[in-house]
Amino acid sequence: MRWAIVRFPGANCDEDARFALEKAGIRAEFVWHTERDLRGFDGVFLPGGFSYGDYLRAGALAAKSPVMEAVRRFAEEGRYVVGVCNGFQILTEAGLLPGALLANLNLHFTCKEVGVRVERNDLPFTRLYPRGQVLRLPIAHGEGRYYADPETLARLEGEGLVVFRYAPLKDEADYNPNGSLHDIAGIVSEKGNVLGMMPHPERAVDEVLGNTDGLPFFLGLVREVAR
């Protein structure tokens, strides 16, 4: 299995993504943002960071990069695309996922571990998690507040397109770290092949760091190929 990790100027989670994919047994290769051909890859990973310095809006300039034309074709063919943090922002700016990621309600960059509940486990990314499991995953963003108009929110909820939702790790009342509507932490496309999420599963895959809650996310992709 061979995945492309897109490197945008300002991205800083590309090495984390490579480590996580390779730990799961997936061959990972870096692809520069000027690339126009993604043939030969089984999946595409858009990593976190600050692409183009977050000028205009987070992900706005990266969404216009040449590689995104290839990513769009890749997604339209039904192949897997994952965007984490800035990658999620890029997917919404490119129109590959609905909604937008706005500034956190506290107007601060927030970096901590949060509770993330698995809403669906019938996708390659989540099939190794029990539905309803609350994961402990890191976040690190200043613009992670998911927003969509009421009609879009109703469609996301009605069609089961919300995959991850912020949830209490213990009994804390302020578990939503950024003010995302409906506590949304991650969504998927109607075809189920394009996933965007703000928490970082790739930063929770190693026992040395004391947390492997993100590893099944990547192992599920391997299991999908083996089916």
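Positions of Cβ are set from backbone N, Cα and C atoms, glycine also.
Noted in Swiss-Prot for the protein shown:
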DOMAIN    2-227  domain 'Glutamine amidotransferase type-1'
ACT_SITE  Cys85  active site, nucleophile
ACT_SITE  His200  active site
ACT_SITE  Glu202  active site
Within the predicted model, mean pLDDT of the domain 'Glutamine amidotransferase type-1' (2-227): 95
Cβ packing number for the residue listed as 'active site, nucleophile', 10 Å threshold: 31
Glu202 (active site), number of other Cβ atoms within 10 Å: 29
Rounded distance in angstrom between the Cα atoms of Glu202 (active site) and Cys85 (active site, nucleophile): 11
Long-range Cβ environment of His200 (active site), under 8 Å and at least 6 residues apart: Cys13, Asp16, Gly48, Val84, Cys85, Leu137, Pro138, Ile139, Ala140, Gly214
